[in-house]
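Before any comments, here is the structure.
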Amino acid sequence: MTSPAATIESVLKETRLFPPPEEFVRQARINPQEYQRLHEWAERDPDGFWAEQAKILDWFAPWTQVLDWSNAPHARWFVGGKLNASYNCLDRHLANRGDKIALLWEGEPGDSQAWTYRQLHAEVCRLANVLKKLGIRTGDRVTIYMPLVPEAVAAMLACARIGATHSVVFGGFSAEAVADRNNDAGSKLIITADGGWRRGKIVPLKDNVDIALSKSPTVKTCLVLRRTGQPVQMVPGRDFWWHELMADASPDCPPEVLDSEHPLFILYTSGSTGKPKGVLHTTGGYLLGTALTHRWVFDIRDEDVYWCSADVGWVTGHSYVVYGPLANGATVVLYEGAPNHPQEDRFWQIIEKYKVTIFYTAPTAIRSFIKWGEEHPRKHNLSSLRLLGSVGEPINPEAWMWYHTVIGGGRCPIVDTWWQTETGAILIAPIPGAVPTKPGSATRPLPGIRAAVVDKAGRPVPPNTGGYLVIQRPWPSMLRTIYGDDERYRQAYWGQIPGVYFTADGARQDEDGYFWIMGRVDDVLNVSGHRLSTMEIESALVHHPKVAEAAVVGRPDEIKGEGIVCFVTLKQGVTPSAELKEELKAHVVKDIGALARPDDIRFTDALPKTRSGKIMRRLLRDIAAGRSTTGDVTTLEDFSILARLREEEEG
Ligand code: WT7
């Protein structure tokens with residue numbers, strides 16, 4: 001693990017404080033008094049607190065126990081309770097919000113659709129019946145590999161309706177990655193599209209699925225949505241067109257009555273080993289966590305037009321595009337494509353066109369907007385906005401201020417939300433009508449969440465001292481396990497620091513108790529807000545026939561947060577060349593996906609290792625960042641390696 005201490009200095013200087021605007025406080029769902037009350041209540045009586053909050057969901061049958069922690073760290077929340085996530089996101093809104101728009105979708109080429117809650121409900125019911133007809137039953141796993149279209153949301157909810165556990169794989173992942181995830185989950189069916197649009201080009205999803213299915217023996221059936229319209233291969237008996245099966249499917253499909261702990265979805269994310277982790281979330285606790293935090297943190301109201309720019313392939317899309325907002329009956333904007341297509345003002349155009357009131361995006365996007373220039377947002381009327389959100393990585397104070405001034409017109413609070421795929425929902429964030437913000441800080445844990453910054457032994461560290469961010473108590477939307485690997489779950493999250501959930505983030509708390517998250521302390525990179533394991537990229541590289549060894553590290557990147565630098569030693573007789581660098585980059589893209597494309601490949605004769613054979617990553621990080629290497633290097637096996645790497649660096 002690397003010490004978070006080194007990065008502390010940069011944020012220590014930030015002292016600006018932004019109290020919630022008076023006008024916002026006056027109408028906020030949670031004002032400062034209510035905020036205080038919730039916190040005190042949750043501390044005094046956590047079970048009673050969660051039991052009361054859980055009333056925001058519709059239950060078919062009540063639970064008998066709020067939390068069963070007797071088999072810790074395996075939690076069961078709302079024990080014995082019965083519900084259905086799709087019922088909570090759809091059916092219960094039909095009486096009062098049937099004609100309210102649920103999804104306001106815009107495709108990259110400019111086509112658009114508006115789906116009411118009633119329409120979304122009908123589509124989900126029909127699709128659920130199609131899935132049943134294709135042999136899918138409660139408990140089966142279904143992979144979803146789709147562009148960001150309304151049907152992707154329907155696919156998730158159709159699975160939830162019949163109790164099939166979905167595993168959404170982001171459309172930017174490769175065929176190999178799809179196959180790995182199919183196999184790990186044991187998926188029986190995959191839902192995809194012919195393609196999706198990205199920067200004017202077609203992402204060939206179905207072609208990728210064809211390759212993936214040649215390596216995914218458990219997947220027997222493929223359902224294909226027609227989106228882009230280019231020809232694709234349809235394997236008779238295996239592949240079916242969405243529109244054909246939907247044409248005669250009944251819109252009547254009662255929701256399955258499911259246990260609170262019924263597995264809702266598996267979502268794969270990178271950990272510190274080469275193998276992605278299948279994070280498992282269940283129904284009751286997850287839905288409560290996402291719905292409740294979506295209300296609290298986004299202050300959601302019926303009139304809002306809410307836009308979270310994430311793809312449903314990421315947890316942000318699961319929790320804050322689909323489950324949280326729809327459970328709350330919100331109007332959700334979806335945009336299929338890139339923020340700079342056809343021009344750099346696409347997002348601002350969308351905000352103006354749909355009169356978006358709440359906008360939630362990632363710091364890496366904000367930094368791109370800054371680079372593209374203020375003239376793009378300035379061309380558009382953004383006065384509908386009332387609240388802004390940030391997620392995925394620490395937001396640097398400069399980006400925060402730009403977001404606040406240029407996008408928020410100085411009037412919109414910014415909610416910097418810290419959470420993880422594993423936490424299911426936001427854990428640390430300001431509630432906008434109650435908590436003064438500081439640029440770059442996610443502020444304080446939400447009511448019911450107990451977080452701390454501790455040392456390796458679990459002892460709290462003094463204010464303004466770097467340490468490990470931990471969560472000291474279970475919470476409803478926590479992951480339940482790593483799919484098929486309970487041991488890894490126990491070890492990675494609850495076996496690192498005694499008695500607490502280990503986040504793998506470094507952080508400090510300031511004198512006001514505000515949390516400043518500094519980033520991962522494990523071998524996980526955060527590239528444009530996406531998690532990538534260095535080991536996963538290394539393993540892709542060493543599978544190339546010309547590569548002997550590889551070490552991958554991050555280096556600071558102005559836009560992406562972190563860039564990917566690969567140190568590679570070649571097999572005997574292979575000559576390094578610029579072409580080979582490109583070949584290796586393409587190889588990583590093929591193995592993992594475009595999001596893992598290395599920024600820099602550096603050939604070296606050997607990797608710096610300790611006497612025990614461990615790669616000296618800190619050294620490599622310093623070299624990758626162009627920093628001079630300080631500290632004790634006496635364990636270096638071979639000083640000349642370092643010298644050579646440096647020579648290359650100075651090139
Ligand atoms: C990692 C989790 C949670 C949705 C998107 C990412 C980093 C996330 C923040 C934030 C500082 C943040 C952490 C965390 N992170 N939000 N507001 N401030 N860092 O989910 O892919 O599971 O990644 O993202 O390092 O551990 P994820």
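In case you wondered, yes, glycine gets a Cβ from its N, Cα and C as well.
A quick note: this is a predicted structure, and the numbers were derived from the prediction, not measured.
Quick look at what TrEMBL annotates:
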type: DOMAIN; residues: 35-89; note: domain 'Acetyl-coenzyme A synthetase N-terminal'
type: DOMAIN; residues: 91-475; note: domain 'AMP-dependent synthetase/ligase'
type: BINDING; residues: R198, R199, G200, K201, T316, N340, S528; note: CoA binding site
type: BINDING; residues: G392, E393, P394, D416, T417, W418, W419, Q420, T421, D505, R520, R531; note: ATP binding site
type: DOMAIN; residues: 536-614; note: domain 'AMP-binding enzyme C-terminal'
type: BINDING; residues: V542, H544, V547; note: Mg(2+) binding site
type: MOD_RES; residues: K614; note: N6-acetyllysine
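The two recorded residues T417 (ATP binding site) and T316 (CoA binding site) have their Cα atoms spaced 11 Å from each other. Secondary structure of the domain 'AMP-binding enzyme C-terminal' (536-614) per DSSP (helix as H, G, I; strand as E, B; remaining residues coil): 24 helix, 27 strand, 28 coil. Close to ligand 1, meaning a Cβ under 6 Å from one of its atoms, are these of the binding-site residues R199, G200, G392, H544, V547: G392.
It is G200, among the binding-site residues G200, G392, P394, whose Cβ has the fewest other Cβ atoms within 10 Å in the structure shown.
For T421 (ATP binding site), the same-chain residues that are 6 or more apart in sequence and have a Cβ closer than 8 Å to its Cβ are L267, T269, V279, W314, V315, L479, R531. DSSP states for the domain 'Acetyl-coenzyme A synthetase N-terminal' (35-89), grouped as helix (H, G, I), strand (E, B) and coil, give 26 helix, 11 strand, 18 coil. Cβ packing within 10 Å was compared across the binding-site residues V542, V547, and the lowest neighbour count falls to V542.
Secondary structure from DSSP puts T316 (CoA binding site) in a helix. Taking Cβ-Cβ distances under 8 Å and a sequence separation of 6 or more, the neighbours of H544 (Mg(2+) binding site) in its chain are E583, L584, H587.
In this structure, the C-alpha atom of G392 (ATP binding site) lies 30 angstrom from that of K614 (N6-acetyllysine). Per-site Cβ counts within 10 Å over the recorded positions R198, R199, K201, R520, K614 peak at R520.
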